[in-house]
Every structure is written in structure tokens, then in C-alpha cells.
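Now, the feature entries from TrEMBL:
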- Lys45: active site, proton acceptor (ACT_SITE)
- Lys45: N6-(pyridoxal phosphate)lysine (MOD_RES)
- Arg143, Met319: substrate binding site (BINDING)
- 250-377: domain 'Alanine racemase C-terminal' (DOMAIN)
- Tyr271: active site, proton acceptor (ACT_SITE)
Amino acid sequence: MADATASPRTYPARTWAEVDLGRLRENTRALARVAAPARLMAVVKADGYGHGAVPAARAALEGGASALAVARPDEAIPLRDAGIEAPVLVFAPASPEEVDLYGRLHLTATVVGRDQAAALARAAREQGVRLAAHVKVDTGMGRLGFLPDEALAFWEELRGLEGLELEGLYTHFATADEPEAAYARLQWQRFRGLVDHLEARGVRPPLVHAANSAALLRMPEARLDLVRAGIALYGVRPPNTPPRTHLAPALTWKCRVSTVRTLPPGWGVSYGKEFVAWRPSRVATLAVGYADGYRRSSAHRAQVLLQGRRVPLIGRVTMDQVMVDVTELDGDPGSEAVLLGGTGPHAIEPEEVAAWMETIPYEVFTGLSARVERRYV
Ligand SMILES: Cc1ncc(COP(=O)(O)O)c(C=O)c1O
């Protein structure tokens, strides 16, 4: 009798992402060279942008990153469990209930407001710990932080707060990858103005930082003490940045070909019958769907690679399967399809998949669901 307790992990995955850690390391190396003498902080939030936080963090540290960042404190647990000791900055504002976790895991906290900072410092004192903290300044992202003209007074107040060790000051750009550079420059001027103002009063935070990937590549003046690179580590050059730095996508997304059949003219394909075969059509059914992160919005324009050649997706994307037209393909379509990545002239770039899905590469990567097995090469 079949063993009903067998773990599903013992069966081969139907869809998987191959992450090339060598590429991640090389991308980091290239970015660290651009950033120097500024240090590079590797952003590995959201499970390393879907690539796997622990392997991504290790590869980035091997490639020259000196610190890591996550969005939420619990994202640091697997990093510390894996024995990674590099500093980890948490972007989300720390709450007093989390002080324990910050202390235990030696995380660096973000502070964004007076009450938050005071509560955090109180909790830290009660627990007998001292938390490294970075003050966030909102120079125009409109999301988190002090406005620049509040920041000096706040910094002075915080300096007197026992329980916190002020280590950094940072801001985040809203438009560093947009064609129009004026707003990013305005944010930069606001931040630079604040840093100068602090300096004139004898305040020099040890780590002042502003740049994300786009600003790192496009705004040399904004590199400061540290840059926080995310998307570029994974091999995607942000739009409107100079192409000088070679980056290669680290992730290849694949799935299995379930069946190949010939359908007669007039036969509908997928929900809604939005595709109807107009000739005898060879149709391959692939084991990937929107529950894996292959979005419905990619219908009618996406392509996949079979045997190194591009074939069109036909009909709607279903939860677990999609269909592609392989009529034009000579020979056997093979047992594997490449959904993103691949080698040769027909390789599918993350930006293309993102355009088909009406989104950005960040969301394609972080949208890969838990059903997509990660494999490391
Ligand atoms: C505060 C902060 N810094 C840096 C980054 C990294 O941005 P990117 O992936 O564009 O390099 C992010 C990502 O969203 C962020 O939220």
C-alpha cells in the first residue's frame, strides 16, 4: 500500500525557480565596486525578493556586502538561525513589543517618531538592552519618518534617551528610477541640507544613507556612507540608470510540460474561450498558474521558452495551468518550459515578464508563491 504519510517534498516540483548564487555574488561585487568607498547593505526583505533570504544574504555577503536589511523583524529570524552575524537593519518602525526580538537577534531598529522612540527606549531599558537605531527622515517619499525640519530637534532629544544608541540617519527616494530626475534631486537637496545642518551643530551620525539601487547607479553624490541595494543585486537594472554596470538576473523560473495534444480547428482553449484554434493546433499544457504567481494579466501576450524557442501563451491563465501554442515548433517541445530567464538570444528578461503581467520585476519575484520550489545552483 502507498505510504500515506510521505511528504510531498519527496516528489519532484512542477514549477521551480533556479537561483544562480554565483550571479548574485557577481552582481553584489559589481555594485560594491560602484558604491565604494560607501558600504553596501544588501536588501533581503520579502525572502530575498523571492530568491530565498538566507542563500541571497550569504551570496551578497560573499560578494562584498557588509550589512543586510529586512522589512520586518521576524524576517531576520532565519538569517540568525542560519548563523549569519552581519548587522541587520529593519526598515519597519520597531515597536516596544518587539524589543525582545531586536535585542536577542542584535537587530538595528528604525525610529520614525517621538512616541515610538520613547516607548522603544523605555522597553529597551526595562529589558536591560541597548538598541542600535537609525532615524528615518521623510524627504518626500511620504511614507515614514520625520520631516527634515523636525529632525535636528528630534536627534538631540534621542541622544539623551537611554536604551537607544543612535547609529544612523536615512531617507528613501520615491523617484530615483523615473525618467524625470528633478524630484529625486529635490529629495537629495533636502537630505543633504539636513545633514549639513546637523554637522554645523556638531552632530555627525555614524551612518548616513539614502541610496536604493537606482540612486546608487544614477546619483553618485547620494552614496554617502552606505547604499541599500535590493533589486540590482538580483540582476535587474532599474529603469533610467546608466548601463555601465553589468548585472545578470539570478533567477530562472521553470515549469514542467504536462501534455502536448493536437486540437482541431474551432476548439476553445481555457476559461472564457478567449482563444479558439483556427487551424489544427498543437497545444502544450504547462504546470504553472496564477497560484504560483504567474499572473492572469499576462494572458494574450506572454511567451515561454520551449527548446530555446519562444512560443505564445494562449487563452486565460488558470490557477494551476496555462496553455501554449507549439504548432510552429519543430520537433518535441520537451519536458520543461522556461517562464523567465533562460540563455541564448530568446532569453526572457524579468522586465518583459513584468510588462506582460502589468507590473514591475519586484512584484514578479516576490509574487512567486510557496508552491514554486527554490533550487540553488
Ligand atoms: C527603505 C528601503 N531602502 C532600500 C530599498 C531597496 O530598493 P531597491 O530594491 O530599489 O534597490 C527598499 C526597497 O523597497 C526600501 O524600502
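Cβ coordinates come from backbone N, Cα and C, glycine included.
TrEMBL labels come from automatic prediction, so no person has curated them.
On the structure: features taken from TrEMBL.
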{"residue": "Lys45", "record": "active site, proton acceptor", "DSSP class": "helix"}
{"residue": "Arg143", "record": "substrate binding site", "DSSP class": "coil"}
{"residue": "Tyr271", "record": "active site, proton acceptor", "DSSP class": "helix"}
{"residue": "Met319", "record": "substrate binding site", "DSSP class": "coil"}
Cβ contacts within 10 Å for Lys45 (active site, proton acceptor), all chains included, total 19
Cα of Met319 (substrate binding site) to Cα of Lys45 (active site, proton acceptor): how many Å, rounded?
-> 26
Between Lys45 (active site, proton acceptor) and Arg143 (substrate binding site), what C-alpha distance do you get in Å?
-> 17
Distance, Arg143 (substrate binding site) to Tyr271 (active site, proton acceptor) (CA atoms, angstrom) | 40
Long-range Cβ environment of Arg143 (substrate binding site), under 8 Å and at least 6 residues apart = His172
